[in-house]
């Protein structure tokens, strides 16, 4: 079993139940909390722990899932609008369409670190998240009224700016409520929304375009207007439905439950005790994030998800149409593929949290993606005669349409794409020590990682349809690079953990003061990286 994340001298003793209980807490000793608080944590029963986590799960995770579902629908519905006549209506070329896709990611990537830093200082995350969701909903509605390429680009820029804060913000909120080994499953549950968005987007578009001509507006315009309205309403609901912090949850948590949730984060060194929260931007921490080689390897791993994911999400309806299906059926046929993606993301993440090991549940899906795109690359030239291989790839439960064992295997490999994202995010979050570095590191990795969306916007070139050699070939290459990055990171972290394990805690504390160890964060010899 690989070593798990520990800050300073904390280790797990209840691995069977997957509860992180520090040895020192059980003994009533912990450098981060008082003996009284340590005794309180040690006395919190397993049943009490499970009960409070269930409460948090039901209050937090479904809301994040709904918001991320809305977020992905709002950024990707342009693909559905395209096959319903957006390009001829706005007199746009295929290249202009790709530019409109890519321009979204410029503000989206640049705003993620500042956005997370702002959120980290908010006492009420619900206000911040609700505001950005409401504003981007209004922007999506405005997209339904644009009259040309320039107007579409303007709305896409502002959409990217306001959506930038949601995903890294959701990861940060999860890190404040859950311990490291509890995080990936929760991330995966709301991350599955990116897959479900593909399914719901097609289903919604199928129904909405039937409003073509209502009030004089084309069907593709109604896609933006109605979906944007739904987002704005969801943003307003955030102010009341999205939970903030344990301290602000007295209406549904008992005093002991609040104390437990706060103390367990302090006990493992993830957060400072009350009264010690950092209030200002720390340039030293920011530079530490920029120089952290681990984050760059994880960015490469994240690209293996982001680039193929966005490329397919923007192009999937068109690929289905190229198979000979009508626009309406093309919208519906995207649904099974994304549903399978959601199931696989959740399944792999549950396994990862149980193993307390991130690397295998990222690399295995990456390997499957390489195989899947290799088959797509080979078969797409004659896509109408290879529907089983090319459409069956994403659809586990549609394998009955496949004509050979090889193609059935292909169906089992594609859309292992979706487990990669939650795994990479959890791996990054688990190995960032200190609230400021965690907030900046999550924002930086997510921001630079999402630059893969710019690439994904251009790799599926209109004139290359239906073969899309650039799209399928580039996706294969990004997945392969992600595998190399993950194996490299695993090996280097294993080496560092092994080296640090040779030092006793007494030796380390003789050499460094508590303040020095605290400033070192995840570079402390007492820190153990999650593998």
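Just so you know, the numbers here start at 1 and follow the chain as drawn.
In case you wondered, yes, glycine gets a Cβ from its N, Cα and C as well.
According to TrEMBL, the feature domain 'Major facilitator superfamily (MFS) profile' maps to 60-497.
What TrEMBL records for 58-76 (among others) is transmembrane segment.
Residues or ranges marked as transmembrane segment in TrEMBL: 96-115 (among others).
What TrEMBL lists as transmembrane segment is 127-151 (among others).
Summarising the annotation, TrEMBL assigns transmembrane segment to 157-175 (among others).
According to TrEMBL, the feature transmembrane segment maps to 187-208 (among others).
Residues 56, 59-60, 63, 66-67, 70, 73-74, 77, 80-82, 84-86, 89, 125-127, 129-145, 204-205, 208-209, 211-212, 214, 249 of the same chain lie 6+ residues outside the transmembrane segment (220-243) yet bring a C-beta within less than 8 angstroms of a C-beta in it. Annotation source TrEMBL lists transmembrane segment at 220-243 (among others).
If one looks beyond the transmembrane segment (293-312) by at least 6 residues along the same chain, the residues whose Cβ comes under 8 Å of a Cβ in the stretch are 76, 101, 194, 319, 362, 366, 369, 373, 417-418, 420-421, 424-425, 427-428, 431, 441, 444-446, 448-450, 452-453, 455-457, 459-460, 471, 474-475, 478-486, 488-489, 492-493. According to TrEMBL, the transmembrane segment annotation covers 293-312 (among others).
The annotation transmembrane segment is assigned in TrEMBL to 332-351 (among others).
What TrEMBL records for 363-381 (among others) is transmembrane segment.
As annotated by TrEMBL, transmembrane segment applies to 396-418 (among others).
Per TrEMBL, transmembrane segment is recorded for 439-461 (among others).
Residues 2, 294, 297-298, 300-305, 307-308, 311-312, 359, 362-363, 366-367, 369-370, 373-374, 377, 420, 427, 431, 452, 455, 459, 529-531 of the same chain, all 6+ positions outside the transmembrane segment (473-494), place their C-beta atoms under 8 angstroms from a C-beta of that stretch. Summarising the annotation, TrEMBL assigns transmembrane segment to 473-494 (among others).
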Give the one range among 58-76, 96-115, 127-151, 157-175 whose Cβ atoms make the most pairs under 8 Å with those of the transmembrane segment (439-461).
96-115
